[in-house]
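*Asks:* Got a structure for you, written out below as structure tokens; questions coming shortly.
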Amino acid sequence: MAAKKLLRAIIMGAPGSGKGTISSRIMHDFDVKHLSSGDLLRKQIHDKTANGLTAKRFMESGELVPDNVMLRMVTYELSQLQNTSWLLDGFPRTVEQAHALLRDYPIDVVLNLRVPFEVIIDRIKGRWTHLASGRIYHTEFNPPKVPGLDDVTNEPLVQREDDKEETVRARLEHYRRLTHPVLQYFRNKGMVDEFTGKYSNELWPQVHGSLSKLVKPIKYTHYE
Ligand code: G5P
Ligand code: MG
């Protein structure tokens, strides 16, 4: 029997562009594991690990966590997923991280979400997160069944420490300065599929179509 084709994908986009939202839809419709570097870091902070303590002060000011911490953490997680399709969200974010990743793994596609910056600031104000699972809600776009509680565990939702307006602006600035060159690096290699729009529901069918050319979907879920 032929070996199953494993997907190696990256999802990119500015903070708040909908990477987490689109990733959870991808997991639902494709046999792919979602690995979010931000979710990993928030878990380490919650568990008060050494990496978590280092990461906390960078994240709270909207800065990037140092490359050596990120590389150690993500390399370990990927080593646990040898025979699994994966989608990386939030990594790589610097050219150094990108080089290190490509040294170890061939990447099939980089999905880039292009959402206007004005839309993003408004969105982040309404975001609520279930820290343990990374599930994301929005007071209007995707409200929980019971306000303030996670749909699956009924545990309380929180607002992220780095979602204050001035920190979001700092995150957007770091994105422009440090992460945009990563995108350019992937574009020069012809690896990027671009998706432009204001709403995740508008981008989703295009993303589904793009991935379906690489791996067979389990289903197609429509959102409106
Ligand atoms: P993260 O956790 O990677 P960001 O800043 O890249 O964080 P973020 O904020 O998680 O990205 P997102 O995942 O792109 O945003 O967006 P989302 O959560 O899906 O959507 C945002 C909100 O909008 C949600 O409430 C959602 O429900 C809502 N929404 C989605 N679509 C729509 C829509 O169509 N309409 C409306 N109205 N709402 C919508 O990284 C955090 C920090 O960790 C560190 C850095 O310090 C970083 O700042 N970090 C790293 N540092 C160094 N290197 C790395 N590789 C690092 N990775 C993380
Ligand atoms: Mg996210």
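Heads up, residue numbers simply count up from 1 along the chain you see.
Glycine is treated like the rest: Cβ placed from N, Cα and C.
TrEMBL does not curate its annotations; it predicts them automatically.
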*Asks:* Name the one residue among Arg169, Arg171 that TrEMBL lists for the same AMP site as Ser37, Arg42, Glu63, Leu64, Val65, Gly90, Phe91, Pro92, Arg93, Gln97, Arg160.
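*Replies:* Answer, per TrEMBL (AMP site with Ser37, Arg42, Glu63, Leu64, Val65, Gly90, Phe91, Pro92, Arg93, Gln97, Arg160), from Arg169, Arg171: Arg171.
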*Asks:* For the GTP site that TrEMBL describes with Gly16, Ser17, Gly18, Lys19, Gly20, Thr21, Ile136, Tyr137, Ser200, which of these is also annotated: Arg127, Arg187?
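*Replies:* Given Gly16, Ser17, Gly18, Lys19, Gly20, Thr21, Ile136, Tyr137, Ser200 bind GTP in TrEMBL, the matching entry from Arg127, Arg187 is Arg127.
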*Asks:* Relative to the Cβ of Tyr137 (GTP binding site), which residues of the same chain, six or more apart in sequence, are found under 8 Å away?
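*Replies:* Residues satisfying the criterion: Arg127, Trp128, Thr129, His130, Pro143, Pro144, Leu157.
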*Asks:* Work out the three-state DSSP category of Arg127 (GTP binding site).
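*Replies:* Looking at the DSSP assignment, Arg127 (GTP binding site) belongs to a strand.
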*Asks:* Considering only the binding-site residues Gly16, Gly18, Gly20, which residue has the minimal Cα-Cα separation from Ser37 (AMP binding site)?
*Replies:* Gly20
*Asks:* Within the same chain, where does the region 'NMPbind' (36-65) have neighbours whose Cβ lies under 8 angstroms from its own Cβ atoms, ignoring anything closer than 6 residues to its ends? I mean 6 or more beyond.
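*Replies:* Distant contacts of the region 'NMPbind' (36-65): 19-20, 23, 72-74, 77, 88-91, 93-94, 131-132, 134, 160-162, 167-171, 173-174, 178.
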*Asks:* Quick check on the binding-site residues: of Gly16, Gly18, Gly20, whose CB has the lowest count of neighbouring CB atoms inside 10 Å?
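*Replies:* Among the binding-site residues Gly16, Gly18, Gly20, the sparsest Cβ neighbourhood within 10 Å belongs to Gly20.
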